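Asker: Have a look at this one.
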Amino acid sequence: MILPTIAIIGRPNVGKSTLVNRLCQSNDAIVFDKPGVTRDRTYQNASWGGKEFQIVDTGGLVFDDDSEFLPEIRTQVFLALEEASLALLVVDGNQGVTDGDLSIAKWLRNSSCKTIVAVNKCESTTLGISLASEFWKLGLGEPNPVSAIHGSGTGDLLDLVIGELPENNIRDDEEKIMMSIIGRPNVGKSSLLNSICGEKRAIVSDISGTTTDSIDTLIKKGDNYWKIIDTAGIRRKKNVKYGTEFFGINRAFKSIDRSDVCVLVIDAVDGVTDQDQKLAGRIEEQGRACIIVVNKWDLVEKNSSTIYQVEKELRSKLYFLHWSKMIFISALTGQRVDNIFEHALNAVNQHRRRVTTSVVNEVLKESISWKSPPTKRSGKQGRLYYGTQVKNKPPTFTLFVNDPKLFGITYRRYIEKQIRLNLGFEGTPLILLWRGKQQRALNKEVERENIEVIQKD
């Protein structure tokens, strides 16, 4: 479903993100008592009175200051208003009307977007009415007192909001594919997001840490809707101070956890760092599908063999993700960026894939014929009775054996490699569970499930 959009607009530190969290009943927007925490525009879904919509949180809008990221934030706010069905101007009731509020109100009056004024920080109902009355001078209609922290007045505000929203007239019942863009600071994640979307959705800067939140973007490619999450860069813990970056990194880790597929971005010039390896380990631990994107490939001097040498070197350090597809791109020029969706979709499909027990056992039987299970010094040999896939996301197989201790790491890796060679599963981790089974219990299960035993005692 393509939802109507509400753009949250206002000066820095008037409580926009707190109000977003209140209206969406979530904590996804980073809230910190410091101006400029929100920089890019971020999206969350919400519903009220049986009507669904999405809210876009924007950075603090300042017209008369071009320092730091303020010009880029202005661009993000302008883009948010262009796509919005409704603007919600948030002001600070305790501070009263400021020159900044008047400038924003003038800009909104000149736009074609309907605007509702929310007077925040009105903790008392009686006092709130008095505080809100001053904001009639903005010329945007009746001001509405609310408290984002305590929730008072937000129900009435939402009633007004849904009354102004258009009907949802575009529907798509297909499931959205969640794809997170993961990487160290300044490897080009936001540039990649902008290249993918064909517009400036995230602020791009040479300064590390430009993205402090996780940015959700919904786009359609082919027959699929993709929800793309650009995350904050993840640095060493000792370099992370408590505050916006701390919260942003937590959001980034949560983005991995809720993703169908992760795009791990590596800097082609810098190569793989310790932090890249930790991110790779995190993706593997969470069992997520993944593709490795080597960005800034346009900056590398190369000949006909460079790509093979670089891939070999990178894979030797990203051994956690030996099963991931690796592609070399330039987010700046757009080189091979479109290939990301093809490989990401394949990884998602493999991550969700199921294989019948008969096919699994055909592969195991052939694998054993090429290389028998090891024999211990005591003369006891491992026996692999049969295997079956027990779940997907990621694909998980249970292999029933006489004694798991008889199967060392080398043979276990051999079996996983054979499963991949014969069945694919590129782009997704595999989990193999080795389970010991007594002969009596095995016979009952084999008879009940009509399974052919690969090896007998």
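Please read every residue number as a count from 1 along the shown chain.
Cβ atoms here come from the backbone N, Cα and C positions, even for glycine.
Per Swiss-Prot, GTP 1 binding site is recorded for 10-17, 57-61, 120-123, and the stated evidence type is sequence analysis. Look at Swiss-Prot and you will find 183-190, 230-234, 295-298 tagged as GTP 2 binding site. Residues annotated as domain 'EngA-type G 1' in Swiss-Prot: 4-169. Residues or ranges marked as domain 'EngA-type G 2' in Swiss-Prot: 177-352. Residues or ranges marked as domain 'KH-like' by Swiss-Prot on the basis of sequence analysis: 353-438.
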Asker: Counting Cβ atoms within 10 Å of each candidate's own Cβ, which of the binding-site residues Asn13, Thr58, Asn186 comes out highest?
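Answerer: Sorting the candidates by Cβ neighbours within 10 Å, the top entry is Thr58.
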Asker: Whole-number answer please: how many Å between the C-alpha atoms of Asn13 (GTP 1 binding site) and Trp297 (GTP 2 binding site)?
Answerer: 39
Asker: Which one is it: of the binding-site residues Gly10, Lys16, Thr58, Leu61, Cys122, whose Cα lies the shortest distance from the Cα of Asn186 (GTP 2 binding site)?
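Answerer: When the Cα distances are compared, Thr58 comes out closest.
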Asker: Compute the C-alpha separation of Leu61 (GTP 1 binding site) from Gly183 (GTP 2 binding site), stating it in Å without decimals.
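Answerer: Rounded to a whole number, the Cα-Cα distance is 28 Å.
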Asker: Of Gly183, Lys189, Trp297, which binding-site residues come within 10 Å of Cys122 (GTP 1 binding site), going by C-alpha to C-alpha distance?
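Answerer: Among Gly183, Lys189, Trp297, not one has a Cα sitting within 10 Å of that of Cys122 (GTP 1 binding site).
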Asker: Spatially, and counting Cα to Cα, which of the binding-site residues is closest to Trp297 (GTP 2 binding site)? Options: Gly10, Lys16, Thr58.
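Answerer: Comparing Cα positions, the closest of these binding-site residues turns out to be Thr58.
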Asker: Can you tell me the CA-to-CA distance separating Thr58 (GTP 1 binding site) and Gly183 (GTP 2 binding site), as a whole number of Å?
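Answerer: Just about 23 Å between their Cα atoms.
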Asker: With every protein chain in view, how many other Cβ atoms are within 10 Å of the Cβ of Cys122 (GTP 1 binding site)?
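Answerer: For Cys122 (GTP 1 binding site), the count of other Cβ atoms within 10 Å is 26.
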Asker: Measure the Cβ-based neighbour count of Lys189 (GTP 2 binding site), defined as the other Cβ atoms within 10 Å of its Cβ.
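Answerer: There are 30 of them.
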Asker: Give me the CA-CA distance between Lys189 (GTP 2 binding site) and Lys16 (GTP 1 binding site), in Å, as a whole number.
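Answerer: Rounded to the nearest whole number, the Cα-Cα distance is 25 Å.
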Asker: What are the DSSP helix, strand and coil residue counts for the domain 'KH-like' (353-438)?
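Answerer: Helix, strand, coil within the domain 'KH-like' (353-438): 32 helix, 22 strand, 32 coil.
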Asker: Write down the Cα-Cα distance for Lys16 (GTP 1 binding site) and Gly183 (GTP 2 binding site), rounded and given in Å.
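Answerer: Lys16 (GTP 1 binding site) has its Cα 28 Å from the Cα of Gly183 (GTP 2 binding site).
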